[in-house]
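Asks: Quick one: the structure is below, questions incoming.
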Amino acid sequence: MTGVARHQSGNQPDRVRRSRAAPEEETGPIQRVPERSGPGAAHTGPRHDGHAHGTGDAGGHAHAHAHGPATPAPPRVRSLLTALLVPFALAAIVGMVLLYPFGDELPGDEALTGTPVNADVVAVAESSCTPQGDVDVDTGGGEPTGQGCVAVDIELTEGPAAGSTITKTEPVGPGRPRFAPGDAIVLEYHGAAPEQAGSYQVVDFQRGTPLLVLAGAFALAVLLLGRWQGARALLGLGLSFVVIALFILPAILAGQDPVLVGIVGAGVIMFLTLYLSHGLSARTSVAVLGTLVSLTLIGVISAVFSELNHLTGLDEPTSTLIGTLGGGIDARGLLLAGIVIGALGVLDDVTVTQSSAVWELRHANPALSWRQLYAAGLRIGRDHVAASVNTLVMAYAGAALPVLLYSAISGVGMGSILGSQDIAQEIVRTLAGSIGIVAAVPVTTALAALIVTAAPAGTGTDTHSHEARA
């Protein structure tokens, strides 16, 4: 019995080894690394494509990802990307210098009908709609008088009569603002009798504090998820607003061609946001190239079909702006500039995703050819295109919803509604942007596949490595 027991005990390791080897028989041979013996040796399990799992003496688990050495792109790849992108970057910088209105006088407050004045609502009470001694310039528009009015006591917090209180009579009804004590509002002062209520018109509410709270929540969410990359993305977003406020708007107001200003501004924003958010790398440069090609296509399509559809760009806000400034702005050019700038954000998302997808496919299987990388990347891009196009269409449809509602009750046919000025320009804006998004996928995927296969397999073009230990 003792001999039998010893014999069975001696066979146990063989059975264990055979049971451990069973998966190899089912799934094929797995490459193993040599085991070390002796104290402190770690047993290393199967290794798959550069991923090693090991359990040390202390029971810790180490998990290392090695996607090749973190070396930059080969010199010829860097030279090619530099030669392609530097001329565009220089053109954007030179364009900003040439188009910026140095020393030009921009339209100022004199172009407006009144001066904005901040104020606070002190009290609100029901009132007759025809108070004595007060002529309310904001009571027009056909509101039924049977709805009633309210007397709003308003304390002026700035302006020539700061600290004084006036009473304004405001109608009550659908579409009219509702006032409550403590509301911060904006009045328009017309420049005469600063202590008289008739010199002021209620135009809006002050929304600074709620908007700042919402912006802070957005920034916090981005930082919590994106960390340092999220911080860089927020910096790029802030610089985008700086470009819009300090270059695009002044240049257009000074009478520069809105199309040129929009193209130059979009180019500067593209370079800033992409490289700040994703770093100086070959994959980011490929995304920039894909965005440039797609933006050019969007601009050409928008210009051609705006001309074919005789779009003037004179919707209600643009007509009001041009009337206020007394002309000097090309309305159609303003429309085209808005299309290019509006499509930039969605294009960035598509091109960065496609470029990164191709790089990750290359890391996963360095043996893939250009054609295989392109086909695999294109399959990834199809789903992304469907979601992005739907996002763009719904965004524009939501913005044009009031126009759609007005057209729907006008009693004309659907063809006439879609062919109206306001709807047609939204259709051109949407479809031109969508075509650009669709084109961005094959263009960026092809460029990324060409660049990533230009380096010999295993050189780690634009790669990363990290190690996590529990």
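Numbering starts at 1 and runs along the chain as displayed.
Glycine too: its Cβ is placed from the backbone N, Cα and C atoms.
Pulled these features from TrEMBL for this protein:
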type	residues	note
REGION	1-73	region 'Disordered'
TRANSMEM	80-102	transmembrane segment
TRANSMEM	208-226	transmembrane segment
TRANSMEM	233-253	transmembrane segment
TRANSMEM	259-277	transmembrane segment
TRANSMEM	284-305	transmembrane segment
TRANSMEM	393-419	transmembrane segment
TRANSMEM	431-455	transmembrane segment
Asks: Report, as numbers and ranges, which residues of the same chain sit near the transmembrane segment (208-226): CB under 8 Å and 6 or more residues beyond its ends.
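Replies: Those are 233-234, in sequence order.
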Asks: Considering only Cβ pairs within less than 8 angstroms, which of the stretches 80-102, 233-253, 393-419, 431-455 has the most against the transmembrane segment (284-305)?
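Replies: It is 431-455, which has the most Cβ pairs under 8 Å.
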Asks: Where else in the chain does the transmembrane segment (80-102) make close Cβ contacts, counting only residues six or more beyond its ends and a cut-off under 8 Å?
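Replies: Same-chain contacts beyond the ends: 73, 247, 250-251, 253-254, 256, 260-261, 263-265, 267-268, 271, 282, 285-286, 288-289, 292, 451, 454.
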